[in-house]
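Sequence annotations record features per position, and here Swiss-Prot assigns active site, proton donor to H38 based on sequence analysis. Swiss-Prot lists 31-38, 148-151, V177, 185-188 with the feature ATP binding site. According to Swiss-Prot, the beta-alanine binding site annotation covers Q62. According to Swiss-Prot, the (R)-pantoate binding site annotation covers Q62, Q154.
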Amino acid sequence: MTDVMRDVASLRMLQGMWRRAGETVGLVPTMGALHDGHMALARAAREECGKVIATIFVNPTQFGPTEDLDAYPNTFDSDLHMLREVGVDVVFAPTRDVMYPAGFGTTVKVAGLTAPLCGAARPGHFDGVTQVVAKLLNLGQADRAYFGQKDWQQLAVVRQMVRDLNFPTEIVGIPTVRAEDGLALSSRNAYLTEAEREIAPILYRTIRDAAARVAAGHGATGVCEAAARGLLGKGFTRIDYLECRDATTLAPAETPDPGTARIFVAAQLGGARLIDNVSVG
């Protein structure tokens, strides 16, 4: 039976019992509106750890003032059912007041990796991400924490934070889960109309083809610019970025060695901002 906890004291008490019993703890941070991508994280944690905590918290500090905080899907009952099916031990679902009580004033900022891509398109976003992840890692006291590779930049930022601040947690990246037509699973896919959902898989095909061209020796800048124009001609209304960057440093990569770079994209389609990335070579 999966327990639902909303306060820190209860979670701490349970963790103390687990630690005394020598359990390995896995943490799966989410904002809810779960799909098979989240379930891949939970299943990996279940397979590798004696105890698993999943968190459901829509973190307000990682949303900009014009973004979709108020519209973000709330599907708690179905989320809980899915997590129970996987065998998660505890769902930690705090309120905003629990996470950010009156007088809260601490931020965590990772320099460098947060500057390009989503960091440039969504100022302040990663400050909110590192703030909440630092809190969840502290509260979860996990041996391992699981993140999806669809949010590659987020994964890189969290790994940097964990290294820099000496968190005793291994950050585990899980490959992107896709629909049969290639679209990366995302909670924000729910914003797509039926017609937009037909268009959406073009995003993955476009960056996959761009990655193949860069791997074949074509210059990344020209390839990515052409790919972005192609998306705008097929129904996407804005391209925040479509770039080839080093997979580790996120520095621009014009003619990368095989396996060292990725093509990153963020594009608006109707009411949904879709992100994805693929390896070059």
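Every residue, even glycine, has its Cβ placed from backbone N, Cα and C.
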- Hey, how far is Q154 ((R)-pantoate binding site) from Q62 (beta-alanine binding site), Cα to Cα, in Å? 12
- Query: Out of the binding-site residues listed (Q62, Q149, V177), which are within 10 Å of H38 (active site, proton donor), Cα to Cα?
  - Reply: V177
- Including all protein chains displayed, how many Cβ atoms other than that of S187 (ATP binding site) lie within 10 Å of its Cβ? 19
- Message: Nearest of the binding-site residues to the residue listed as 'beta-alanine binding site' by CA-CA distance, picking from M31, G37, V177, S187?
- Response: M31
- Have a look around Q154 ((R)-pantoate binding site) and count the other CB atoms within 10 A of its CB, chains all included. 22
- Query: Among M31, L34, V177, all listed as binding-site residues, which has the most CB atoms within 10 Å of its CB?
  - Reply: L34
